[in-house]
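Colleague: Below is the structure I would like to discuss, written out as structure tokens.
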Ligand SMILES: O=C(O)C1=C[C@@H](OP(=O)(O)O)[C@@H](O)[C@H](O)C1
Ligand SMILES: C=C(OP(=O)(O)O)C(=O)O
């Protein structure tokens, strides 16, 4: 499967026999982006094993090369990155094409904000609709300047400032991308940059910055607010990194195995960082039989093998405070809710409206198209579960350049009467190369 083709790639997923077997999923997307960026800012050579070779991460690799890093993959699949040192990024000679990737765009804007270089960012139709003001606003305060398309959107040209001005910033939106952009800008900024995070989001940047030798401290207040301080003009030391499997990708085989009666599946080597593990907690609350085997630590991140046995699920009304810990997993959680017993009410999910698609509307339309009763809310969705009765099926589902929508409805197809057709599977290559092969390996499709 590749998105390099100019033509949509429709595909139908049909009701499946029990899934079984043991699989692994590709490397964590968030950790992969960060490992390339921080390696590119170190002096010397870093090695990265298990890097996600999806289009989003390859866009980050291309951008770091364009700014001076030497990045190569050897025949064993290990990536070797020779960095330029903090402050050493070079002026890219052409526009940086970010494809579909919000993480690449926002984190790279942070990196460039404290270097005296000019860069233009472009992206696909989905990325060009997404708001960038959340990063351009704080980065402007650090001294960077921006010329963007209306509504702070791509295409956008920025000029970094050197020296930049350190920032003390309270996040107005729970976003790891905004937090990371500011911290990355802080790396080449004199003095102390401070980010205050009222609602915790994924902390891979903090862990990895420390791992590379940056002076970074995290203080947690009684109400859970996190205060992250980073001393600038850092010197980063090259590292050897093992990237764990992506819990956001593992979510699809996990939910598929819970829903298809008689299934038993192991997804090995999955990252279990608490700031990412919200879906597992939610599925367990719904009655899902999920066991973590062999819990261990790999490269500063908790990892385990996830053993899933098909279970009868019941509806839920999850606490919105949990949203950041499973933000990309809501689409597939909605599929689980559609097959559960009773009603599920999801609220506090405004952020889903600014992902690759508006994931509340796209999911509501898609679920209706396959015969599920839903009510769309301003900040969420109400889903009436079938109680384990097969979903009627149908389609084609409009995926709107959104990989997670495509994979979520593929899972829905496995528990459908007449199959679910996805209009275009190409976006899956952004985060999960080998998705359909993995479903075949589990026996979910021919
Ligand atoms: O920092 C990251 O790697 C990511 C943060 C999240 O975005 P937000 O920060 O916009 O919530 C998430 O949706 C995205 O897939 C990856
Ligand atoms: C929102 C996502 O990614 P990004 O913001 O990097 O495009 C995602 O992968 O679901």
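We count from 1, first residue shown onward.
Heads up, the Cβ atoms here are built off N, Cα and C, so glycines get one too.
Annotation source TrEMBL lists active site, proton acceptor at 328. Marked as phosphoenolpyruvate binding site by TrEMBL: 29, 102, 130, 177, 359, 404. Residues annotated as 3-phosphoshikimate binding site in TrEMBL: 29, 30, 34, 175, 177, 328, 355. If you look up TrEMBL, you'll see 17-437 marked as domain 'Enolpyruvate transferase'. Taken from TrEMBL, the feature region 'Disordered' applies to 1-21.
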Colleague: Where the criterion is a Cβ under 6 Å from an atom of ligand 2, which of the binding-site residues 30, 34, 175 meet it?
Modeller: none
Colleague: Want to know which recorded positions, from 30, 34, 175, 328, are within 10 Å of residue 404 (phosphoenolpyruvate binding site) at Cα; which are they?
Modeller: 328
Colleague: Between 0 and 100, where does the mean pLDDT of the domain 'Enolpyruvate transferase' (17-437) sit?
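Modeller: Taking every residue in the domain 'Enolpyruvate transferase' (17-437) and averaging pLDDT yields 98.
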Colleague: Could you give the Cα-Cα distance between residue 30 (3-phosphoshikimate binding site) and residue 328 (active site, proton acceptor), in whole Å?
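Modeller: Residue 30 (3-phosphoshikimate binding site) and residue 328 (active site, proton acceptor) have their Cα atoms 12 Å apart.
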Colleague: Using DSSP, would you call residue 355 (3-phosphoshikimate binding site) helix, strand or coil?
Modeller: coil
Colleague: Looking only at C-alpha atoms, tell me how far residue 130 (phosphoenolpyruvate binding site) is from residue 175 (3-phosphoshikimate binding site), rounded to the nearest Å.
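Modeller: One finds 14 Å between the Cα atoms of these residues.
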Colleague: Counting other Cβ atoms within 10 Å of each residue's Cβ, which of the binding-site residues 29, 34, 355 comes out lowest?
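Modeller: Fewest other Cβ atoms within 10 Å, among the binding-site residues 29, 34, 355, is found for 355.
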Colleague: Using a 10 Å radius around each Cβ and all protein chains in view, which of these binding-site residues has the most neighbours: 130, 359, 404?
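Modeller: By the 10 Å Cβ neighbour count, 404 comes out on top.
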Colleague: Going through the binding-site residues 30, 34, 175, 177, 404 in sequence order, which have a CB under 6 Å from an atom of ligand 1?
Modeller: 30, 175, 177
Colleague: Do you know offhand how many angstrom separate residue 177 (phosphoenolpyruvate binding site) and residue 34 (3-phosphoshikimate binding site) by C-alpha?
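Modeller: Spelling it out, the Cα of residue 177 (phosphoenolpyruvate binding site) and the Cα of residue 34 (3-phosphoshikimate binding site) are 11 Å apart.
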Colleague: Could you state the CA-to-CA distance between residue 34 (3-phosphoshikimate binding site) and the residue listed as 'active site, proton acceptor' to the nearest Å?
Modeller: 18
Colleague: Are there any residues in the same chain, six or more apart in sequence, whose C-beta is under 8 angstroms from the C-beta of residue 328 (active site, proton acceptor), and if so which?
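Modeller: Counting only residues 6 or more apart in sequence, the Cβ neighbours of residue 328 (active site, proton acceptor) under 8 Å are 248, 251, 355, 404.
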